[in-house]
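Below is one structure, written out as structure tokens; the observations come after it.
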Amino acid sequence: MWRGGATAASAARALRSRLYPDPIHHPATSLAPIASARASSSAPSVASANNVVEAAAAASAAVSVSQQAGSVSDALRHYGRCYWELSKARLSALVVATSGAGYVLGSGNIVDMAGLCCTCAGTMMVAASANTLNQVFEIKNDSKMKRTMRRPLPSGRISPAHAAVWAASVGAAGTALLAWKANGLAAGLAASNLVLYAFVYTPLKQIHPVNTWVGAVVGAIPPLLGWAAASTELSLNAMILPAALYYWQIPHFMALAYLCRDDYLAGGYRMFSFADPTGKRTAWVSLRNCLYMLPLGLFAYNWGLTSQWFGLEASLLTMGLTIGALSFMLEPSPKTARRMFYGSLLYLPAFMAGLLLHRQPNEQKVQNMAEKSELDGVLYEADLQDEERARQKREDKKPPRVQSRPPVAYASVAPFPFLPVPIYES
């Protein structure tokens with residue numbers, strides 16, 4: 001039994017020696033299969049490693065591109081929001097609305113829509129520049145007030161130099177657009193209002209309460225700008241909307257200054273309401289300016305700016321605002337001041353809507369257009385006469401034409417005298 005097992009084991013060893021040579025006596029032969037197996041197994045592993053590296057590089061490139069795109073979009077969103085807040089877009093939109101109303105009132109029978117759009121765009125840019133400069137000069141004051149401490153400059157979201165560059169560029173662009181598409185008078189009014197707001201009204205807020213009246217002048221200029229852009233001149237009936245805006249701003253800001261006295265005091269501003277602890281004088285100033293607005297509707301009808309219906313509507317509107325100011329004077333309190341403030345917010349759009357609804361075409365603009373058309377016709381006739389004279393002179397300078405005589409019909413005479421003589425038309 002053991003012998004049979006040994007015999008079988010020896011036979012197995014012999015077979016294995018034939019299949020797998022001895023590594024000691026035949027090292028090359030014995031290592032060849034192992035090397036070939038390793039080579040065959042290492043080739044796919046290298047290729048897969050290269051694929052993994054390429055995939056990782058592509059993924060990292062895609063991630064970097066997405067990060068760059070995300071950073072660009074975030075930067076655009078951030079600065080766009082900052083520019084929006086620096087420009088005080090809602091306040092600038094109100095300025096644009098008054099300028100556009102002035103443009104429509106100063107137009108003739110037909111409103112030039114392209115000119116209106118360019119005037120509104122230029123006014124918007126100049127207003128954005130003025131509001132930005134106002135915030136650049138008042139960083140410290142705004143940082144002390146609860147109402148303004150979250151603005152871009154006090155909160156540090158944008159640098160003052162960046163804001164100043166934005167203000168200068170957009171202000172110059174708006175003034176240039178008005179000079180190009182409107183006229184020099186409109187551009188001059190825009191530039192002067194920018195200077196008055198940023199360099200006179202803004203520092204005056206910390207010096208004297210008269211700043212409220214200077215600010216009212218600033219608010220009254222945009223309608224004049226629109227009128228000048230439409231009619232290239234200023235007339236008496238162009239003062240209706242600016243006068244309404246001037247007198248409207250006094251009760252509006254008096255109520256606001258009374259409601260925000262503590263905030264304005266913390267910011268270092270000098271307001272009229274500070275020297276009036278009871279609020280009686282502040283309310284009286286508001287009531288007085290409301291009374292000044294009562295005859296404006298009648299003036300607009302008398303001067304040919306609107307129909308007679310606007311005189312009635314404007315008087316009723318002003319009476320409502322006057323009643324609010326009277327209640328504020330009889331009982332100075334935050335409640336009555338807030339009521340008058342909200343009433344002033346409703347008054348202005350209603351007043352401007354009535355002006356535009358009942359407006360009459362600007363007679364001066366119509367007359368100017370008629371005179372211009374007549375002058376153009378005269379100049380056109382003169383040009384035609386000049387061209388006719390020049391053509392006649394050219395004709396006179398040409399040598400006269402020699403009229404050719406018809407040929408003699410010799411063939412009709414001989415040798416066939418019986419044939420008729422040909423006739424030639426000259």
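One-based numbering along the chain as shown.
Even glycines carry a Cβ here, placed using N, Cα and C.
Computed from a predicted structure; not experimentally measured.
Taken from TrEMBL, the feature transmembrane segment covers 89-107 (among others). Listed by sequence, the residues of this chain that lie at least six past the ends of the transmembrane segment (89-107) yet keep a Cβ under 8 A from its Cβ atoms are 115-116, 119-120, 123-124, 127-128, 131, 219, 222-231, 238, 240-242, 245, 305, 349, 352, 355-356, 359, 361-362, 365.
Sequence-distant neighbours of the transmembrane segment (113-137) (same chain, 6+ residues past either end, Cβ-Cβ under 8 Å): 83, 86-89, 91-93, 95-96, 99-100, 103-104, 151-153, 160, 163-164, 166-168, 170-171, 173-175, 177-178, 181-182, 186-187, 190-191, 193-194, 197-199, 202-203, 222, 225-226, 229-230. Feature annotation from TrEMBL assigns transmembrane segment to 113-137 (among others).
Tertiary proximity for the transmembrane segment (158-179) is limited to same-chain residues at least six positions away from its ends with a CB under 8 Å from its CB atoms, namely 79, 82-83, 86-87, 118-119, 121-126, 128-130, 132-133, 135-136, 139, 152, 186-187, 190-191, 194, 225, 229. According to TrEMBL, the feature transmembrane segment maps to 158-179 (among others).
Annotation source TrEMBL lists transmembrane segment at 185-204 (among others).
Residues annotated as transmembrane segment in TrEMBL: 211-230 (among others).
Marked as transmembrane segment by TrEMBL: 236-260 (among others).
Here the transmembrane segment (281-303) has Cβ contacts under 8 Å with residues 236-237, 240, 243-244, 247-248, 250-251, 254-255, 257-258, 272-273, 275, 310-315, 318-319, 321-322, 325-326, 328-329, 332, 336-337, 340, 355 of the same chain, all six or more residues outside its ends. Annotation comment: TrEMBL describes 281-303 (among others) as transmembrane segment.
Residues annotated as transmembrane segment in TrEMBL: 340-358 (among others). If you look at the transmembrane segment (340-358), the same-chain residues 6 or more away from its ends with a CB under 8 A from one of its CBs are 97-98, 101, 104-105, 240-241, 244-245, 248, 251-252, 255-256, 259, 286, 300, 305-307, 309-310, 313-314, 317-318, 320-321, 324-325, 327-328.
Annotation source TrEMBL lists region 'Disordered' at 386-406.
Summarised by DSSP class, the composition of the compositional bias 'Basic and acidic residues' (387-399) is 11 helix, 0 strand, 2 coil. Residues annotated as compositional bias 'Basic and acidic residues' in TrEMBL: 387-399.
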Long-range neighbours of the transmembrane segment (211-230), counting only residues six or more past its ends (CB under 8 A): 95-96, 98-107, 111-112, 115-116, 119, 123, 127, 178, 182-183, 185-186, 189-190, 192-193, 196-197, 200-201, 204-205, 238-239, 241-243, 245-247, 249-250, 253-254, 257, 270-272, 362, 365
Outside the transmembrane segment (185-204), six or more residues from its ends: residues with CB under 8 Å to it: 119, 122-123, 126, 129-130, 133-134, 137-138, 171, 174-176, 178-179, 210-211, 214-215, 217-218, 221-222, 224-226, 228-229, 232-234
